[in-house]
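These notes are about the structure you will find just below.
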Amino acid sequence: MADASAPDKKNAPTNALKPDLIKIAVERVLAAIDTENNEDLILAAAREPREVVAARAPDLFTSAAYSWSEEDELGTRMRASSFFPVASMFAKIICCLFLLWAKSCTGHGAMVTGLTACTGAYAIASLLCSFVVYYNVRTDNMPFGTYTKLFQIAACIGCGCYALGLTMEKLFGDSEMYFALFPDAKNSPLVGATAKGSALILPQGCSVAPYVPLAVSVAYCAAVVYDIADTIFPLLWVRTTLNEFAVF
């Protein structure tokens, strides 16, 4: 007769697997509970109102970091952005040279004196701004600060208003536009008139001299308008798009 206390060989493997199955089931239940809790936390966080802190535009323009890429090591963008201001200054100098030639022919030197002084003042202001831009970029800051930008705007508007006023006065007030529009006016006593009222005969090769003040005035005023627009319009664009004033 077999011993009743001996273990049943058929039931032994089944009894051994029961603790493992229970452990696996408990782990799955706990994992499901954790997953459900995480989902509840995510949904609760999504329902909670969040405080949105708006970034101010001036904070975005405080550093020049990452403004250069690997493909831009030679400063191609800097050359492209400085081409038109340099061209504007070059056009002003050429205009002054043409007026100097016209002065030698007609004797009218008020416009060349005033525009040369205006060009010199603008060149000095541009040179000072260039030094400030160079220093700020080397120190990883934006090119212009608030006071430097205000100085640049004041210089552009001041020189521009003076140049526009001078050209309008000399063309319309002193009849120089009349000289340019009517070729026969060069033989009138108004052109190069002396104190006695006699007419001066224009030297040979100066037949186009009466046209120079009008053409130069148009070109110079166009350059002045560009300078003002190039200084002010970017600030207005940032104000319109970002609703903030930013200096850069």
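Glycine is treated like the rest: Cβ placed from N, Cα and C.
Taken from Swiss-Prot as is:
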| type | residues | note |
| --- | --- | --- |
| TRANSMEM | 82-102 | transmembrane segment |
| TRANSMEM | 114-134 | transmembrane segment |
| TRANSMEM | 153-173 | transmembrane segment |
| TRANSMEM | 218-238 | transmembrane segment |
Non-local residues, at least 6 beyond the ends, that sit with Cβ under 8 Å of the transmembrane segment (114-134): 85, 89, 92-93, 95-96, 99-100, 143-145, 148, 151-152, 155-156, 158-159, 162-163, 166-167, 220, 227
Contact set, same chain, for the transmembrane segment (82-102): CB under 8 Å, 6 or more residues outside the stretch: 108, 111-112, 115-116, 119, 122-123, 126, 209, 212-213, 215-216, 219-220, 223, 226-227, 230
Surrounding residues of the transmembrane segment (218-238) on its own chain - C-beta under 8 Å, 6+ positions past either end: 57, 84-85, 88, 91-92, 95, 115, 122, 149, 152-153, 156-157, 159-160, 163-164, 167, 244-248
